[in-house]
Amino acid sequence: MTRHVKTAVGVVLTAIMLFPVYWMINVSFTKDTAMRADPPHLFPFDGTLEGYRAVLDQQMPYLGTSLLIGLGTVALTLLIAAPAGFALAKLRPRGTGALNFVLLIAQMIPGIIMAMGFYAIYLRAGVLNSVPGLILADSTIAVPFGVLIFTAFMSGIPDELINAALIDGASRWRTFVSVILPISRNAIVTVSLFAFLWAWSDFVFATTLDGGGDHQPITLGIYHYIGNNNQQWNAIMATAVIASIPATLLLIVAQRYVAAGVTAGAVKD
Amino acid sequence: MTSHAETLVRTRGSSRVRRARGQWAAWGFLAPVVIYLLAFYAYPLYRNLDLSLRHYTVRSFVQGNAPFSGADNYRTVFDDPTFGPALLHTLVFTFVSIAFQFAIGLALAVFFTQHFRLSATLRALFLVPWLLPLIVSASTWSWMLNSDSGIVNFFLKGIGLDPVNWLTSPDWALTSVIIANVWIGIPFNLVILYSGLQAIPVDVYEAAALDGASGWQRFWRITFPLLRPVSAITLLLGLVYTLKVFDLIWIMTKGGPTDASTTLATWSYRLSFGNLLPEFGPGAAVGNLLIIIALIFGLLYIRRQRRD
């Protein structure tokens with residue numbers, strides 16, 4: 001195969017793979033009256049913005065809540081995972097083998113089971129349907145992954161750098177804050193991106209822990225839309241398009257971090 | 001020479017002292033994560049175990065004075081007519097999803113290793129399905145698979161096939177959620193296998209090409225065996241992740257129609273949250289069974305990763 005043929009094949013394969021994404025966008029612009037047309041309208045030439053108007057009218061509070069939950073999850077995850085990564089990579093006290101093992105296992109526990117346990121605890125503590133409660137639950141998806149990424153990244157920082165700071169009389173905390181963190185920017189970006197995306201996309205914790213809340217995330221916004229037997233598929237798909245913006249931005253802005261994040265969890269260096 | 005060795009010994013000695021002194025400081029850095037794991041992993045899991053061993057009603061769930069009932073909930077679950085199908089669907093969903101994700105992911109990874117124009121960009125675009133919120137993918141697939149107005153049935157009609165009731169027929173519901181799940185999982189397999197392929201030295205292929213090996217032979221004799229460690233890890237991680245899938249199935253079919261796409265995960269959720277009268281005990285029991293299955297594969301994964 002010549003290079004051009006390969007590129008053509010690649011483009012066709014990508015187009016097939018991304019067809020559902022295209023279809024989501026297309027349906028979001030389709031008029032209600034054309035929704036069940038036969039044959040279906042393959043291009044939104046005679047489109048409408050009704051769907052997006054519905055998003056503006058009804059979904060903004062959900063989007064706001066999701067943004068808040070996403071940012072809260074990022075903050076909490078970094079706060080817990082970064083110091084832990086530093087200790088596991090550089091200070092290596094005794095007994096960390098067990099901790100590493102627990103972190104790996106923690107990632108394998110199905111979210112639905114965590115959700116049930118959280119539900120039982122939150123119900124009695126009276127924190128069901130609260131934003132902080134959901135942030136806390138969402139962070140459990142990202143913290144073990146975060147520790148893993150920070151550990152892997154900080155292991156690559158030369159010991160000399162840390163020893164130099166310690167010899168200069170800096171405390172370990174000071175060394176961590178003013179030497180380690182600034183050079184760990186890539187790890188911080190990767191962990192933040194994934195923590196945000198997972199919290200933004202979370203449905204399991206949202207539906208179990210925040211199903212009756214005043215402030216619900218966008219995943220529940222879409223779910224209610226479908227659940228109400230809503231036939232306004234342009235509005236549903238418009239909401240889906242808006243809900244996909246963070247993922248898209250992430251891919252455009254931070255593509256190399258994404259690939260790094262996917263592989264870091266799985267393949268040992 | 002001796003002095004050099006002495007310095008070495010001395011520095012090593014002093015660093016050991018520093019390390020011993022640093023033990024407490026190190027655990028100070030680890031304290032947040034340890035407390036966090038105990039409070040927000042161990043405790044919920046303990047509560048879940050406790051739920052499965054007691055006879056809960058809605059009232060005792062709030063007040064917390066449910067009587068201990070031993071393995072009753074587990075017996076209830078095993079005797080339930082849903083248990084057999086749910087277990088079977090979990091296994092079929094997991095293994096069929098993984099088989100297709102892996103095969104397609106590997107084929108694409110091999111394709112993308114041949115550097116051509118746009119290959120990096122196209123590979124990045126392949127990540128999109130994996131990054132989208134599951135509710136977005138699930139609702140998009142729901143509409144695409146709609147019996148009357150879905151685009152998939154339109155394509156089937158175009159090639160002369162009868163329309164299929166993808167989500168509403170018991171014969172097709174499980175297939176439908178598997179199709180959507182394969183679509184979501186391909187990027188993950190592609191990225192990991194691609195990075196595995198990158199690690200195979202080029203000169204091995206060059207030598208094989210000189211010896212006159214065909215492309216097909218090179219794949220089966222070189223790529224496949226050398227990729228085995230990465231493949232094993234991809235498959236085991238895929239197993240652990242796929243066993244967990246709940247959102248996708250729940251959003252697309254709610255496990256129906258009549259349990260046709262019920263897996264352990266959706267059944268567990270339905271028992272605890274899906275009915276007006278929640279059955280927290282049996283729900284938690286199903287969840288714990290799922291944990292055990294996930295952990296078996298999880299431990300295999302960890303053993304495998306340590307060995308490599």
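Each residue's number is its place along the chain shown, starting with 1.
Backbone N, Cα and C atoms are what each Cβ position is placed from, and that goes for glycine too.
Note that the coordinates shown come from a computational prediction; the quantities given were computed from them, not determined experimentally.
Pulled from TrEMBL:
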type	residues	note
TRANSMEM	A:7-25	transmembrane segment
DOMAIN	A:63-254	domain 'ABC transmembrane type-1'
TRANSMEM	A:67-89	transmembrane segment
TRANSMEM	A:101-122	transmembrane segment
TRANSMEM	A:134-154	transmembrane segment
TRANSMEM	A:175-200	transmembrane segment
TRANSMEM	A:233-254	transmembrane segment
Stretch among A:7-25, A:67-89, A:101-122 sharing the most Cβ pairs under 8 Å with the transmembrane segment (A:233-254): A:7-25
Top partner of the transmembrane segment (A:101-122) among A:67-89, A:134-154, A:175-200 - counted as Cβ pairs under 8 Å: A:134-154
Sequence-remote partners of the transmembrane segment (A:175-200) [C-beta within less than 8 Å, at least six residues beyond its ends]: 66-67, 69-74, 77-78, 81-83, 85-86, 90, 135, 138-139, 141-142, 145-146, 149-150, 152-154, 157, 161-162, 165-166, 217-218, 243, 246-247, 250, 254, 257-258, 260-261, 264
Same-chain residue ranges lying at least 6 outside the transmembrane segment (A:134-154) that approach it to Cβ under 8 Å: 69, 72-73, 76-78, 80-82, 84-86, 88-90, 100, 103-104, 106-107, 111, 114-115, 118, 180, 184, 186-187, 190-191, 194-195, 198-199, 202, 205-206, 209-210, 213, 217, 261, 264-265, 269
